[in-house]
Amino acid sequence: MSSLLSAPSALREDALRRLKREMWARAVKLGLRSWVGWRRGFTSKADPQRSGRVTAEVIEHLERLALVDFGSLEAVARLEKAIAFADRLRAVDTDGVEPMESVLEDRCLYLRSDNVVEGNCAEELLQNAHRVVEEYFVAPPGNISLPKQDEQEPFSHI
Amino acid sequence: MLGRTLREVSTALKQGHITPTELCQKCLSLIKKTKFLNAYITVSEEVALKQAEESEKRYKKGHSLGDLDGIPVAVKDNFSTSSIETTCASNMLKGYVPPYNATVVQKLLDKGAVLMGKTNLDEFAMGSGSTDGVFGPVKNPWSYSKQYREKRKQKAHGENEDSNWLITGGSSGGSAAAVAAFTCFAALGSDTGGSTRNPAAHCGVVGFKPSYGLVSRHGLIPLVNSMDVPGILTRCVDDAAIVLGMLAGHDPKDSTTIQDPVKPFTLPTSADVNKLCIGIPKEYLAPELSSEVRSFWSKAANLFESEGAKVIEVSLPHTSYSIVCYHVLCTSEVASNMARFDGLEYGHRCDINVSTEAMYAATRREGFNDVVRGRILSGNFFLLKENYENYFIKAQKVRRLIANDFVNVFNSGVDVLLTPTTLSEAVPYLEFIKEDNRTRSAQDDIFTQAVNMAGENLTSAIPEPHAKEPEQLHVTSFSYLPMTNELAGIIETFVVT
């Protein structure tokens, strides 16, 4: 790894990209194949029934934000129907109307005094997690974003 | 004994006609017999028997905790129950055992109730049929009623007896079925867009949705924070009042509960409707309303009129937009609430270890079903920067207009509104699944969700006197399935006076 750090930046970038692809390939092997796989059919099929509101960019954006995948064209069609349904709201005249966040907007939220009244239940809480080390929840490495559509390797070599 | 009301059984317990243990065992045995309904996800037999034993000790010493002591109850599986698996009928929480009790569960247990088990629902309470949970759909006990079976025999011969069973409605279908099948005397459901009242209507039991802020949501796994409330399902209105009395009130652990003191109340034994003004919202006369429901609605209105109440037509002009508004707000809040399920601290976790994002993504894919994922994605769409103003804020503005509609009507001298709960009686499962969850929810929630958005009003689904309610309305058999009317505000009227 130290040789990587001391290499010129272009080489470093390249090495990082390779690392990313390898890790991603491993992940795909472990089961994320269908996460990306379903989208391969997306751009190539043009469904005349769909309004086209939900473009490939929107899909990718939503999947990344929500960390939940559509999984199929039917799911995209369902979203489009949901959007069309929601569009009916445009017909309502809301000029001068304030948005309503809560029905209790005329009341003050209850605030209690800032004293410790409960806690010390780390053991109980840790019991529900799958991976724990001492009193830590164990997470995989962060700051590695899901690859974009064009960064994916073809699957033939896996 | 199991068919009695809560109050009757409580009296029987106090007078020693039956012991809590005997009652508990009867209910457990009935649960086993009615397993095919799939109303329960978890039956907490050992816990129940232990609680019944303790209740018995209290009765022997003459120290009963009140009307709920020793009474079998059931709780929907999206309420956290300490040491009892709480799944929300989802793979995401299979095997999850909460370390605490939801406040409403704790209150029931503190009053001596005996917890029979956790009931089935649509996954994460999303749906109007109780058909979309991972443990399978719930069957409506009325599918096995004599009248329905006879009606079906007339229609189709040689068809498999069980193939045309009816849905319970949702999403608290398990709770409704548990109460309707006499396996418990009261059950907790949750109500966001009608999830307590819809199954209550289809199963012929009373479904009560308290005003937002009256009952604590602490421990109720949230769907839509600004609309969720715990709901109560019982076999008669009086029972619902008993349970409400135990559950209502400020909870320091839920800052959205109102701080006003809640006075204990009992319903009057005979209702005097002379001074009551009942509103019939004309916009609720939807074209899709079945003729039977419409006729029951008329009958109920006429009944009140004949007893001296004033029945007038009122208008809730934004009714046709309320389901759309609800759809946007619901999916948006759901998108936010479901973000907590990442596999790290609780719940399902997949094996991928490449990166946190990859792990979260795969966990959520494995843990959530299509319905949940669909709502999350829709919600995220409406919350995108470019859509926020046009969808989410717009829906919040429409919400105010809807809430104002109700305020205006109640300010004009109307005490209660009388409306149907559902468009028609319970449909067969095979019919129900012809449309997807979102479409069905949009159709079935049409009468119930407006009140969730307005929040202020108390609503109840009261079965037409199929079951027991006596003297007044004589039900003829042209409908063999339960159907109910909503009486928004009626309990509030009694509480206030």
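Quick reminder: no glycine exception, Cβ is built from N, Cα and C everywhere.
According to TrEMBL, the features are:
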type     : residues  : note
ACT_SITE : B:Lys76   : active site, charge relay system
ACT_SITE : B:Ser171  : active site, charge relay system
ACT_SITE : B:Ser195  : active site, acyl-ester intermediate
DOMAIN   : B:25-145  : domain 'Amidase'
DOMAIN   : B:166-460 : domain 'Amidase'
Across the domain 'Amidase' (B:166-460), what is the average pLDDT of the model, as a whole number?
88
Please give me the CB contact count at 10 A for B:Ser195 (active site, acyl-ester intermediate), counting all chains in the structure.
38
Summarise the domain 'Amidase' (B:25-145) as counts of helix, strand and coil residues per DSSP.
47 helix, 19 strand, 55 coil
